[in-house]
Amino acid sequence: MKHRKVYITSVDEAANHHPAPSASPFPVGQLPHSAAGQQKQQQQQPPPIPSIDLAMSLNKHQQLDRTGYDPEETQQINASLHGMCNGLEIQQNGEHTQNLGPNRRRSSKSIFVRNWPIVSQPLALLAIFALLWGIAYSVLPRELTEPNTPFMRLWFLFVGAQISGILVSLTGLPDMLGMLFWGVLYTNVGWAEFQGLQKVEVFLRESALVNIMLLAGLGLDYDSLKRLFRFIMQLTLIPTVAEVVAIAVLSRYLLDLPWLWGVLLGLVVTAVSPNVVVTVLLRLKEERLGMNKGIHTLIIAMTSCNDVLAIFLFGVILGVIFSTGNLTSQILQGPIGIVIGLVFGGACGAGLLYLPSYTAKYTNGLRFTITILAGTLSVVGSKLIGYPSAGALGCIMTAFVAGTGWKKRIDYDTNEVEMYLDLLWKFLKPVSFSLIGKEVNFSVLEGKTVLYGAITLLVAVVLRLAFSYISTLGSDLNWKEKAYVTLSGFPKATVQAALGPAALDLARSLNATDDLPRAQTVLIVTVLAIVFTAPLGALLMIKLAPRWLKKELPETNGA
């Protein structure tokens with residue numbers, strides 16, 4: 001048997017070695033029945049939103065054989081060779097091993113080699129941080145590179161967040177919690193004083209927001225949206241409206257927030273974390289759980305639409321809150337921002353379909369660069385012209401229009417742009433979560449805000465779960481599968497880290513002193529949402545999947 005070499009460098013690559021087709025769970029529209037139609041549909045199916053949860057990646061990566069074969073395939077091969085190899089001495093990688101029976105323990109070197117492709121990624125980021133500091137120390141003045149300077153304290157915040165994320169992920173919890181807690185610790189021991197770097201902080205947060213919005217836009221698939229539009233909208237709108245209304249009402253009477261601020265807080269909280277949800281779905285795809293009814297496709301589409309809706313409406317409400325004009329201009333703030341975002345994003349997305357050429361040597365790199373710059377200009381430029389609501393929509397439209405056109409080119413690999421965005425998020429993830437944790441100062445934190453914020457979140461999340469389950473009625477899913485789809489809307493983390501500080505940054509830049517306490521309240525409740533829902537949601541989705549979802553057996557083709 002001729003072996004093939006497979007180099008797995010990320011969890012997404014491991015998942016893509018054995019793709020499996022998924023069927024639509026709902027009889028909406030006409031699905032292709034021919035083999036050619038099914039093959040085209042599989043080729044046009046968008047890749048999942050990238051995810052980089054280290055602990056789950058390690059757990060899943062251990063299921064792959066060192067040569068990259070599927071665990072079931074490897075198990076069958078090992079079973080057939082067990083009688084020949086058991087008790088015999090064989091040569092493997094230059095080392096002699098004996099007794100390859102089931103009770104043989106793996107050597108520490110073997111485990112290290114198997115996990116190294118995943119573990120090496122966060123360690124490589126630390127090496128890059130260290131090399132950049134060494135270069136800065138060599139060429140920049142000492143007042144910028146000494147350990148006690150504001151610039152280096154900001155640098156150590158990101159490095160410490162990356163290390164904390166690695167340590168926490170080894171316990172089985174999402175690494176984002178370690179990054180968040182490091183930011184909280186950093187500010188409460190008095191290290192988070194970055195005089196003169198406030199604009200740098202804001203730009204880094206906006207960069208994380210741009211990255212998330214581009215991933216959300218690329219995660220939308222036009223064909224899937226047409227086919228399952230009614231049901232996806234039902235799963236997106238009903239739970240989202242219920243959760244936002246509940247948070248707006250409770251925050252009005254418990255947290256003393258005005259109605260618009262309550263709606264803003266609801267839009268921040270209601271977004272589902274693609275990082276947590278899709279990480280779990282990639283693991284379930286390897287175990288072939290829920291593949292028979294296309295639950296993975298449904299959840300990914302619902303997550304993407306939910307995030308797009310939340311981010312877009314957040315930008316509109318934020319623009320209305322901080323509008324300084326008269327009542328007429330405040331009313332027109334949202335519609336004008338929508339038009340600007342649609343026009344700018346559509347133009348940039350259409351331009352990316354032709355610039356550069358598909359046959360250019362560095363097409364993917366140039367497209368990624370233009371996409372990032374267009375999204376960044378959309379966010380920062382919309383604030384400059386006084387219509388911040390246009391930034392989010394323009395960024396999403398750029399990615400959606402461009403991604404839709406790229407996916408229609410079967411001879412063109414569209415995964416490269418998503419891969420580059422995933423790589424960029426690996427750098428921005430510790431930056432985003434450590435900066436949001438930095439804003440939680442215990443000395444000014446009121447116990448009343450934490451208590452009432454927790455009550456608000458609890459009631460709103462319970463209502464969301466109830467309305468999510470109601471939204472699944474009418475499908476051919478059984479009650480366990482409906483409950484699992486409902487549970488997928490529970491985790492909050494990634495989008496919250498990007499949107500949570502946005503109101504506070506805007507209030508500070510506009511010197512809106514009256515709005516600073518409200519923006520701080522929004523940020524505190526955002527942190528509570530991340531801490532309470534991200535680890536619990538991930539654990540529930542992992543533990544309940546084998547009980548609630550059916551395992552689809554792989555198809556065997558006779559030769």
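Our numbering is plain: 1 for the first residue shown, then up by one each step along the chain.
Just so it is clear, glycine is given a Cβ too, placed from its N, Cα and C backbone atoms.
If you look up TrEMBL, you'll see 1-51 marked as region 'Disordered'.
Residues or ranges marked as compositional bias 'Low complexity' by TrEMBL: 17-27.
What TrEMBL lists as transmembrane segment is 116-140 (among others).
Annotation comment: TrEMBL describes 152-170 (among others) as transmembrane segment.
Among the features that TrEMBL reports, domain 'Cation/H+ exchanger transmembrane' is placed at 161-536.
A Cβ distance under 8 Å defines the sequence-distant neighbours of the transmembrane segment (232-253), meaning residues of its chain 6+ beyond its ends; these are 224-225, 259, 261-263, 265-267, 269-270, 298, 301-302, 305-306, 309-310, 452, 455-457, 459-461, 463-468, 470-472, 485, 489, 521, 525. The feature transmembrane segment is assigned by TrEMBL to 232-253 (among others).
Here TrEMBL flags 259-282 (among others) as transmembrane segment.
Proximity of distant same-chain residues to the transmembrane segment (294-322), defined by a Cβ-Cβ separation under 8 Å and at least 6 residues beyond the stretch ends, is recorded for 22-25, 45, 48-49, 212-213, 216-217, 219-221, 224-225, 228, 231-233, 235-237, 240, 260-261, 263-264, 267-268, 270-272, 274, 277-278, 281, 284-285, 330, 333-334, 337-338, 341, 387-393, 396, 477, 481, 484-485, 488-489, 495, 499, 502-503, 506-507, 510, 512, 515, 549. Annotation source TrEMBL lists transmembrane segment at 294-322 (among others).
Among the features that TrEMBL reports, transmembrane segment is placed at 334-355 (among others). With a threshold of 8 Å between CB atoms, the same-chain residues lying at least 6 positions outside the transmembrane segment (334-355) that come near it are 312, 315-316, 319-320, 367, 370-371, 374, 378, 382, 385, 387-402, 405-406.
If you look up TrEMBL, you'll see 362-381 (among others) marked as transmembrane segment. Cβ atoms under 8 Å from those of the transmembrane segment (362-381) belong to residues 203, 206-207, 209-210, 213-214, 341, 344-345, 348, 351-352, 355-356, 390-392, 394-395, 398-399, 402, 413, 416-417, 420-421, 424 of the same chain, restricted to positions at least 6 beyond its ends.
What TrEMBL lists as transmembrane segment is 387-406 (among others). Sequence-distant contacts of the transmembrane segment (387-406) (same chain, at least 6 residues past either end, Cβ-Cβ under 8 Å): 46, 209-210, 213-218, 220-222, 308, 311-312, 314-320, 322, 333-334, 336-338, 340-342, 344-346, 348-350, 352-353, 367, 371, 374-375, 378-381, 412, 414, 417, 506.
The annotation transmembrane segment is assigned in TrEMBL to 450-470 (among others).
Annotation source TrEMBL lists transmembrane segment at 522-542 (among others).
For the transmembrane segment (522-542), the neighbouring stretch richest in Cβ pairs under 8 Å, chosen from 116-140, 152-170, 259-282, 450-470, is 259-282. Residues 53-55, 58, 122-123, 125-126, 129-130, 133, 144-146, 176-179, 181-183, 186, 191-194, 197, 200-201, 429-431, 433-435, 438 of the same chain sit 6 or more residues outside the transmembrane segment (152-170) yet have a Cβ under 8 Å from a Cβ within it.
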